[in-house]
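Input: a single structure, listed below in structure tokens.
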Amino acid sequence: MYRRSYVFQARQERYERAQPAGPAAQPGGTAPGLAALQALGERVAVQVQRARALQQRHAGLRRQLDAFQRLGEQPGPEDALARHVEANLQRARDLTAEHARLERQEAEAQRALDEFRSKYENECECQLVLKEMLERLNKEADEALLRNLHLQLEAQFLQADISVAKDRYKKNLLEIQTYITVLQQIVQTAPQVSLVTGMRESGLLMQEKLFTEREVAALQNQLEEGREAVTHLQAQKAELQAQTTALEQAIKHAHECYDEELQLYNEQIENLRKEIEEAERSLERSSYDCRQLAVAQQTLRNELDRYHRIIEIEGSRLSSVFIETPISLITPSHGAPLSLGSSVKDLARAVQDITAAKPRQKALPKSLPKRKEIIAQDKVEETLEDAPLKPPQEPKALQVERKAEGGSQPGAGGGHGVSPTQEGGPEDVPDGGQISKAFGKLCKVVKERVSGHKEPEPEPPTDLFTKGRHVLVTGESSFVDPEFYSSSIPARGGVVISIEEDSMHHDGHVEPSPGQPMPPVENGQGVPQGREGDHSNHQQGTDKNGLRAKEPKDLEEKDDDGKKEAEGSRRPCPVIIPGPDEPSTSHSQTSGSNQGGPVGPASKSSSLLAKGPSKALSIKKVEVVESIEKISTESIQTYEETSVIVETLIGKSKGNKKLGEKSLPDTRA
């Protein structure tokens, strides 16, 4: 964002050559002596004016030094920043203590976690031992059941053998009884053959009977043994059944005990798992807090670095404003004393608001460094606008002051062109919200300064006239007439015209005459023919060849400056001040700005003074105020105002009617 303000001060030359009675009455030999005397008087006046300017500069520098000392004594943003830094350091210490406490808690939690882990491992080992014992008991119970089943099968087999033996013995006993009965019947029915035969047969029968009895006794013994074996097996069976029931009861009781113990162990395991999870979550929270604390500590360090950089930037900016402020920026435009009280306080408050804002970390737009430069430039503009106007006391002095962003270079032709450079580095700047508030306050201060010094509009007298037309054409209109100037940038503004009437003094003290704005020049070649005709008519007794030699050079500088300003560079304002050989000509040109740039149309002006035989003079001031609405990248709505004051000196001759009425050249805005 560019901001330019052109303030022109001009001194009206004397009108000795334009008076017909003066040169006609003098003889031809005295003309060179009179010219030399006039040149000597002009040189003396210039030296006196320079001495007064140096005195004014010294006084202004002294006042500025006092103002800066008072501003340094007042509690500024450094104290607030120091308190903020102290608070941040205290907070960092608290965070460090909290970090140490969290580390201790983390160590305790880790120790508790290790204890819980060891307990959990011991419980797992006990559970494994109990599982092994239970498996072993289950195996023993299975083996006992298998042995019992085997014994039951053997008892069943023995019972079957016993029953089979009983049946066989019963059959044998029946057969023996049947055989005995048959033998008894035979003995009873058969005749006794002889005693010997009977004795033999009875002997045989007795033998068979004995043999049968022996067999029966043996069989009975075997039967008794089988019964005893059965009873023994039954006793073993009962014993085995009792052992089986006892084992079953023991197994059942062991299962119940183990189930209860397993349930208790499972509950303890669940509780330990929950505690471990809680400890892990607390550990994660602690680690997250530690990371947050580290990030906060780094952020605080970055903020401290940014605050230090902002303090250094503001200190260098104040020192650069104090050191690099030119004479024309400190000295009032018309010799009035400079007042820095209210503007310095308001600007200091606005700068304090800007520096107190929280800076961003990244992604700075390109327009912000330029806006930082505008703050320091607005300080200088407000000091110039606060200074009241005062008529000068010495003629033939031309000062052109240009406040822009560029380097300071002397103008062509021995003039003084001052262009302070205040550029801010691409450092971090405050955030958008607080910047908008601070710039709002700054805009209010500038608007109050601009609106507070507008002069009233007096009624124009009837016997005065002006030769030029002052028209500002905005919008989509375009005219070919060189008297009009069209702007393609939508602007809002106004034109204030005021006419002041005063009488010329014969002692050489005249009212200041403003500069005449030059028409737009294409490609830096030449000027319109109508303008050249006016120059030739109103510049009597001047060296035209010298002026023509300087005009193309100035126009080329103007075209080059216009091109360079479109690229973002800044050039000083070339100024031409008449020397001793050219007392009646002073020419000033300023570089034009690109219409497609961010600042809208800039003012082009030049001053050309001519002589006339007038006794009564008046000054017509045309103030053109342009307010261009711009939307920046951060959605901050700003208004840029460019004020151009063009003063036209209009004279009307009352003493001599032969040469007619003459006026100064046209002015164009």
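Positions of Cβ are set from backbone N, Cα and C atoms, glycine also.
Per Swiss-Prot, these features apply:
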- 408-417: compositional bias 'Gly residues' (COMPBIAS)
- 545-570: compositional bias 'Basic and acidic residues' (COMPBIAS)
- 583-593: compositional bias 'Polar residues' (COMPBIAS)
- Gly432: N-myristoyl glycine (LIPID)
- Ser5: phosphoserine (MOD_RES)
- Ala35: N-acetylalanine (MOD_RES)
- Ser339: phosphoserine (MOD_RES)
- Ser513: phosphoserine (MOD_RES)
- Thr585: phosphothreonine (MOD_RES)
- 1-33: region 'Head' (REGION)
- 34-68: region 'Coil 1A' (REGION)
- 69-77: region 'Linker 1' (REGION)
- 78-177: region 'Coil 1B' (REGION)
- 178-194: region 'Linker 12' (REGION)
- 195-318: region 'Coil 2' (REGION)
- 319-669: region 'Tail' (REGION)
- 380-435: region 'Disordered' (REGION)
- 449-468: region 'Disordered' (REGION)
- 505-618: region 'Disordered' (REGION)
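The residue listed as 'N-acetylalanine' falls within a helix when secondary structure is assigned with DSSP. In this chain, no residue six or more apart from Ala35 (N-acetylalanine) has a CB-CB distance below 8 Å.
Averaged over the region 'Coil 1B' (78-177), the predicted model reaches a pLDDT of 90.
Counting residues per DSSP class in helix, strand and coil order gives 124 helix, 0 strand, 0 coil for the region 'Coil 2' (195-318).
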